[in-house]
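Chemist: Pulled from TrEMBL, these are the listed features:
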SIGNAL    1-21  signal peptide
TRANSMEM  31-55  transmembrane segment
TRANSMEM  67-86  transmembrane segment
TRANSMEM  98-119  transmembrane segment
TRANSMEM  131-151  transmembrane segment
TRANSMEM  163-187  transmembrane segment
TRANSMEM  199-220  transmembrane segment
TRANSMEM  232-252  transmembrane segment
TRANSMEM  264-286  transmembrane segment
DOMAIN    361-493  domain 'GGDEF'
DOMAIN    502-757  domain 'EAL'
Amino acid sequence: MTRVSRTVVAAACAMLFAVLAAGLLPAAGALGSGLSSLVTLAVAGVATVLCARAARRAGHRRSRASWSLQGAACVAWSFGPASWAWQDLVEQAPPMPSPLVVGARMTFFALLFAAVWTTSRAVGVRARLRMALDGVVAAAAVFIVAWGTFFEEIWLQAGQDRLYVACGLCYVLGDMVLLIFWIVLVLTEFPAGERRGPLLMVASLVTVMLADTAFTYLVLHEGRPFGAINPGVWTLAIGLYGMAALVYRGGDTPRREPVAGSRFAIYGPYLPIVPTAIFCGFQIAAGRTPDGAANMGLIVLFAAVLVRQVVVLGENRLLLRRLAGSESVLRYKATHDSLTGLGNRAKLTARLRELLPAPPARISLIFLDLDDFKEVNDSLGHVAGDTVLTTVGRRLTGVLRRTDTVVRLGGDEFAVLLEDFDGDPRALARRMLETFQEPFELDGRRIALGASIGLVEVAAGDLRDAMEVLRDADVAMYAVKRAGKNNVQLFNPGMHHTTSEELELRADLVTALDTGALHAAYQPICHAATGEIRGFEALARWTHPVRGPIRPDRFIAIAERAHLSRRITSFMLDRALSDLRSWIDAGASPALKVTVNIGAAELGDPSLPGRLVDALARANLAGENLVVEITETALMDDDPDHVLAAIRRIQSLGIDLAIDDFGTGYSSLARLSRFNVEALKIDKLFVGDLGTPRGRDMITALIALARSCGMVTVAEGVEEPFQRDALRDLGCDFLQGYLLSRPVPAADVLPLLAAKV
């Protein structure tokens, strides 16, 4: 049993003891009656303290106010037993209700009604008014039945004590209305797990109502003495209230909307009318007509019901307006992109289905996919990516007509639907592409992005449906991706075969990465003067189980379009470093290096240095054993500081960097000297032209440039002996090519090293 449970059980036992004491003490005479009243007063004091404790624990101001009001109601209640104790012990007179006690009891009712009003989670003026009218309906219905059963008889017999009798009748009426209010609150606004405390309040009010009803009938109607009602009943009533405050757990947060879901919440307020109608029917059948008080009760009842219906109708109209507004918002959200405010795929598909098949006039559908957008997200974050997407949306809208449908399909894909367009859709697509010539401003950085645009035209009488047109536009767009990106392609049926083949290869490539079916081949990098092997370049190779060997340039391009480059890089890093570790352990020079290619997009990846460190640690190698090779295009980022920072992070690990395919791009001399990498690899195109004076002069200049920047040179594509000799004479540091060795599997590296090529 938990500490809280033990406390509740102990409190329940103490309350039962107090009830027994208050119920048995009056048998001892006036002194016992006075002590009984003191016991009831003590229980009321404890209940007041527990209500104050519950108010402090409440998690919301409404709950705090409600418990504070209920604590004040317990204080008002205390005036009754205090007065009875005074009369018994001090005045030594039979206890009788005094004006002070009557006023305190009326205050008790007022405070509890205020607590009910505060406890209710109904929100809004209409909901509060409806709640008040529910109370009027309940009070009028209870009054009509009570008046016809015994209130009227008691009233007629009261004589000169009608004010006294009216107070007693008000007690009973107030008890009944309060009880109805609490029952409605418990059943409609408290979840099943939060009803323990409210149900104890209901039990307390039931006890009070029964005691007041018995008091009114026995004392006022039959003339029995005031003590005819055992004080233990009053003690039980206030004790149950204290228990309700004790079991309250606090931390509640009331609902923000009116509660109106259950059937009881809808029909409950009308339930008191049912017994009233049945009672009136029996009265009429018995030949008794309602008197003035009953008629007044009926008038109040029907007026309250009528006004309540008007309020409910107003709430329903307001609800319908809100529902219509919500439906409008939902319809908008269902057909629009929340980030850019453009339409979405659902809107485009719906419009295409309206037009197809057999469009009334020519329509054109343009698909646009941002090139290398994933790298922006990965390196700069999703906030920067969102900025790019919203900017693209504005730029596209700026070159289109208001009647054109512009949508964001999802991710970095957009689409434009042209209807009744008199111009050339391809020219418009190129204007859209031109909007990407202006770099994107992202937190002070200028980022250049391109776009791949696919176009499909649908003429009148074309029988393609919406899904087919969407597929064809997508195929045309990916044809641009395969052809090098940043261009426009018009769909033709022959693209389907190429696209389906690439999709198959893409799926097979994922499988190959998952199963380790890729492998590495190693081409030696030799010292030009001595022929000694100083390192190897790791080259990714893939032998398809059905198609056979796939050219590296083909599957690497597919990997880039499928965003698999990072996985291939990680695979090659682990494989190359693991193989190098095994070669060194088998006797190769500890100074041997392995070169791994890193894509331009990955250079700015903040996680790259950590991945390099982890790969080196797994192979138990130092940074000096690894060379990271990047292409010349990686240097052409619009933010050279960003590139420089990425290079410095890698170099800080002891890893050398080499610029691959140098001479094929447009890097400036200023940038080359600023980046200060360790090696420059001369592209094989220049080596192949070495037999001409112009080619020889070009390589001479490249070697001189590298030396001036403090870099060593590596000539790629050396296939002829004269090329080897010429490069050696010109001062090239290292050579790589088929003349020295073709790429070999890892198992052939050690024999190659032993041969000392």
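A Cβ is built for glycine as well, from the same backbone N, Cα and C atoms used for every other residue.
TrEMBL labels come from automatic prediction, so no person has curated them.
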Chemist: Check the transmembrane segment (31-55) against the transmembrane segment (163-187) for contact, please; criterion is three or more CB pairs under 8 Å, pairs 6 or more apart in sequence.
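Modeler: Counting Cβ pairs under 8 Å (6 or more apart in sequence), the transmembrane segment (31-55) does not reach the transmembrane segment (163-187), since there are fewer than 3.
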Chemist: Mind pulling out the one from 67-86, 131-151, 163-187, 232-252 with the most Cβ pairs under 8 angstroms to the transmembrane segment (98-119)?
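Modeler: Ranking 67-86, 131-151, 163-187, 232-252 by Cβ pairs under 8 Å to the transmembrane segment (98-119) puts 67-86 first.
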Chemist: Other than its close neighbours in sequence, what residues sit by the transmembrane segment (131-151), given a CB gap under 8 Å and a spacing of at least six beyond its ends?
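Modeler: Long-range Cβ neighbours of the transmembrane segment (131-151): 113, 117, 120, 122, 169, 172-173, 176-177, 180-181, 184, 216-217, 221, 269-270, 272-273, 275-276, 279-280, 283, 290, 293-294, 297-298, 300-301, 304-305, 307-308, 311.
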Chemist: Going by DSSP assignments with H, G and I as helix and E and B as strand, what are the residue counts for the domain 'GGDEF' (361-493)?
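Modeler: Helix, strand, coil within the domain 'GGDEF' (361-493): 56 helix, 38 strand, 39 coil.
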Chemist: So what's the average pLDDT for the domain 'GGDEF' (361-493)?
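Modeler: Computed over the domain 'GGDEF' (361-493), the mean pLDDT is 89 on the 0 to 100 scale.
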